[in-house]
Amino acid sequence: MKKKSLLPLGLAIGLASLAASPLIQASTYTQTKYPIVLAHGMLGFDNILGVDYWFGIPSALRRDGAQVYVTEVSQLDTSEVRGEQLLQQVEEIVALSGQPKVNLIGHSHGGPTIRYVAAVRPDLMPSATSVGAPHKGSDTADFLRQIPPGSAGEAVLSGLVNSLGALISFLSSGSAGTQNSLGSLESLNSEGAARFNAKYPQGIPTSACGEGAYKVNGVSYYSWSGSSPLTNFLDPSDAFLGASSLTFKNGTANDGLVGTCSSHLGMVIRDNYRMNHLDEVNQVFGLTSLFETSPVSVYRQHANRLKNASL
């Protein structure tokens, strides 16, 4: 009788093990070989009053095994200055984590920022991923650049934007930092982007809207972006992004601030997510399109892609 009674128990244990096995696999779904480092865009931050710039993304990646670090650089400055600041933090993360390399992911102006690091220190990173980044410039930046340089209008606007950057920096890090909105504008317009690309061409497509080299100097390049400025009527940022999308010429597909073709770098995962520029980092507060995959899921899938590539 005792032997018979063990059979159902054994079956139960076996079934429980089978049921549990997907959970065990899921726990390492985002466990990349090297840590993931996130780099914010213009007027970005790491955390303000408990709210992450990368809303819900770091915790979702960590939950299934990823080692994630969130960086903060100048809210407003040139790609090179921001890149040098990020490089210093990457070197610190490498020392802290004990890993020789990190996977960099940059949103918006964070895209050119991580490209700078990849170009000058490719030994520190196996991959560079850009999300909604204006690698060939932004029509919105070109529109703003029409304000005459040195004019009173430029001085007033740059002063206001610098003040906003200083406030964001203070709320996030306790210091106003150095803000250079004109430096950001020069980096993000078409002419400035072309100059940057001439110095750091790695991963940039040679055609108007194609893909770039998938791998350069040991660094794998990836990108994705959205193409829908208006996605959720409850999201207060949609009104601003809907207005800014009007600066794009000839019906150019865009996310409200960046054209889809300009966002291409290396392997293009996708450039037509139903997301706007802030949806790409799951903002504002996760109010994204109900008819598109969650931005958090996109980051999780990419972490798994990096894992499967042994990165």
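We count from 1, first residue shown onward.
Using N, Cα and C of the backbone, Cβ positions are placed for all residues, glycine too.
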Which of D142, D235, D238, D255 shares the Ca(2+) site with D279, Q283, L287 in Swiss-Prot? The record says D235
Among the recorded positions listed as S108, H277, Q283, L287, within 10 angstroms of M42 (substrate binding site) by C-alpha we get S108
Residues sitting within 8 A of the centre of the D235, D279, Q283, L287 CB atoms (Ca(2+) site), not counting those, run T231, N232, S237, D238, N276, L278, N282, V284, F285, G286, T288
Argmin Cα dist to H109 (substrate binding site) over the recorded positions C209, C261, H277, D279, Q283 returns H277
What remains of the recorded positions S108, C209, D255, C261, H277 once a 10 Å Cα-Cα cut-off to Q283 (Ca(2+) binding site) is applied is H277
